[in-house]
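Notes to accompany the following structure.
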């Protein structure tokens, strides 16, 4: 496949050239119907860093290692990761091509509006926007809550472990920690974009180098798995009553697909990115590509430290059933008789998760700002406001509040909480697929390629992407345990179906009467349809 990024090589990088790029960016934004309100200060590296931090290999793989080990073991993620990564890259390429044509903070919902045409544009925009923003909120919720849970395990291990009299903080303290992390992230996101750019690059570095640093775990371990175990072991002794090998592999594959989300952030940062129609698409593609490589190195390396899978998954082990923490802990205990090294390594992973949460809040505050700018959200007039630092401050704090409220379900039932956060995957991938599908159907004759283009391969890549999203949406909804009870039922289709019913019903009874899709704000005195 050959990709073309027109004018990718730039010789002149002086002040006049930079001003020229900014003028070009502002002119293109003006053509799309918007004035420049956010500060355009992000480079391609900064744009990439935000997406890469949200994808956060250490966040997803560490949190879901137990799922991979339980459903298929090493084979399910050693080979499942590149499979999911390949299809995710195709989705990212399709999105990047559209992003190059429409470099605006509205991102996916704006693309859907334009590609669907005047008749279906408002409805397509409404569905895409709400699935996207709810998915974004759920993603921020799950990242910061997983960070709070990680701190819970670190405290447990640093005080002796579950079997050594260690202290397990309550679910209420976990919820309080979740709130503290969201508060810190909201404060950081209130800073100018130049500061967020710097912090985002630190976060990307933590995620990238953290993956390779964790190879120290199998090196420290006194007993290591054989290459045969790492590359051929298929664990069928799961704790969920499932015996079909293909079914087991499919459920294990979900660990990889859950992790590879959030790269659409590069699109939402377009209005703050220099040379956006080139750097935004490249941010999407590079975030996926580097995450896939770094993630595979990590899962292969850490699997050499895996020994007794049932013990790693047992709720009676020292980490209370947190698989990755137990792997770290056993490695250091076997060599040094102390788990201090494990706690330090978990702290490094926690730092990566922290920056992932920060960047996630950045991303969903931008989509909330853009959606409000087009009048789609309650209190839109307040949420679209930017402060003196050109930050959509109200959207930032509202998004943090929503993420806190979504986590409150964990106090009643972790099953309900996990179902709700599953929207972070299904909701986002549905939102990813809609504009790609529209570009192939209703918009196939009107779509104008930007500087990043797939050329003649765009159609086949697009269809493969749409079909993959349809497939994983079904897979995510399959039962994960038998017999099925109220505690083992996969509530993902219930949660996603509930969002769909709510979004469509609000459109039918309200939205269709006043929401007309993206609207221009070039002339504040008289906004008109874009």
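Cβ atoms are placed via backbone N, Cα and C, with glycine included.
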Kindly point out the range from 403-422, 423-442 that TrEMBL annotates with transmembrane segment.
423-442
In TrEMBL, which of the ranges 45-65, 150-170, 360-380 has the transmembrane segment annotation?
45-65
So, taking each listed stretch (77-99, 120-139, 198-221, 336-356, 454-478) in turn and counting its Cβ pairs to the transmembrane segment (245-263) that are under 8 angstroms, which one gives the highest count?
77-99
By Cβ distance under 8 Å, which residues at least 6 away from the ends of the transmembrane segment (454-478) in the same chain are close to it?
1-4, 87, 90-91, 93-94, 97, 247, 250-251, 253-254, 257, 422, 425-426, 429-430, 432-433, 436-437, 439-440, 490, 492-493, 496
Report yes or no: does the transmembrane segment (490-510) come within contact of the transmembrane segment (120-139), defined as 3 or more CB pairs under 8 Å with a sequence separation of 6 or more?
yes
In the same chain, residues at least 6 away from the ends of the transmembrane segment (336-356) whose Cβ sits under 8 Å of its Cβ atoms read 53-56, 58-59, 62, 143, 146-147, 150-151, 153-154, 157-158, 161, 181, 199-200, 202-204, 206-207, 210, 213-214, 216-217, 220, 262, 318, 324-325, 328-329
Near the transmembrane segment (284-306), which same-chain residues lie under 8 Å Cβ to Cβ, leaving out any that are not at least 6 residues past its ends?
48, 51-52, 55, 57-58, 61, 65, 68-69, 74, 77-78, 81-82, 85-86, 88-89, 92-93, 95-96, 99, 207-208, 211-212, 214-215, 217-218, 221, 224-225, 229-230, 256, 259-260, 263-264, 266-267, 312, 324, 327, 330-331
